Structures are given as structure tokens and as C-alpha cells.
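Undergrad: According to Swiss-Prot, the protein has these features:
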type: DOMAIN; residues: 2-146; note: domain 'Globin'
type: BINDING; residues: His92; note: heme b binding site
Amino acid sequence: VHWTAEEKALINAYWGKVDVGSVGGETLANLLVVYPWTQRFFEDFGNLSTPSAILNNPKXXXXXXXVITSFGDALKNLDNVXXXXXKLSEYHCNKLHVDPVNFRLLGDVLITLSAANFGKXXXXXXXXXXXXLVGVVAHALARRYH
């Protein structure tokens, strides 16, 4: 993807509004609740039997912070997201064996929660650029699967 200067500015402004500490845990928790089959990748996290258990699970919160931080790291290298996510792609493909469609699902949950948290301050142009970014990051993470 070739990002325009305007898209880069929109993405960085959008991400600057994201409360990583809050949205990170919520994003993974919502993914695990709404798409329960994704829980199989987190069996070593312990109790994921209810939404409350997932939200209060310290391992889920730590993994979510790492995931959201990695997403933020991709923003620092928008012109080469595939290279920035190469190690994560290899790890998810070769060690975790995560179904790559889950990367897109996680990104969609992140966009939904962010928009809900932004309220009226969420602009359609920024949400469209963030949705394109989620697709680029999901593709970069799934790259080692091909």
C-alpha cells in the first residue's frame, strides 16, 4: 500500500487518540467472547469460560498489551509494515499456528471499540484509513502462511 501524506496523518491522529491500556484488554477480550473459537489459541491462559473471567484474566491483559503495542509499532513504519511484522508473522505461523483470518477479526474489533470510545469525535475518513491499516497489518501478519 502506498499511503498518502493525508492518510498517514489521519492514521497517526487516529492512533494518538487510542487509549492503548484500556482498548488493548478490551479488544482481545471482545475477540475471545464474540469469536469463542479463538480461545483455543489461549488455552494456557486459564479460565476463559465467561466474559468476566476473560476481562479479569491477567494473561489475557498482558497478551493484549503486547498485541496492541505491536500494532502501534507497525504505525511507526507505515511504508514497510510487512518488514515490521515479519517476526510476528513467523511466530504466529510457525509456533502458534493461528488461523490468519483471526488477525483481521482482531483488527475489526479494535476499530469498533476505538470508534465507540471516540464517540462523535470519530470521523469517517479516519475510520476508513484505520480500516485500510488493519487490512495491511493483517496481511503482513498472515504473510508467512503463504
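The backbone N, Cα and C atoms fix where each Cβ goes, and this holds for glycine too.
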Undergrad: Counting across all protein chains present, how many other Cβ atoms fall within 10 Å of the Cβ of the residue listed as 'heme b binding site'?
TA: 21
Undergrad: How many helix, strand and coil residues does the domain 'Globin' (2-146) contain under DSSP?
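TA: Grouping H, G, I as helix and E, B as strand yields 122 helix, 0 strand, 23 coil.
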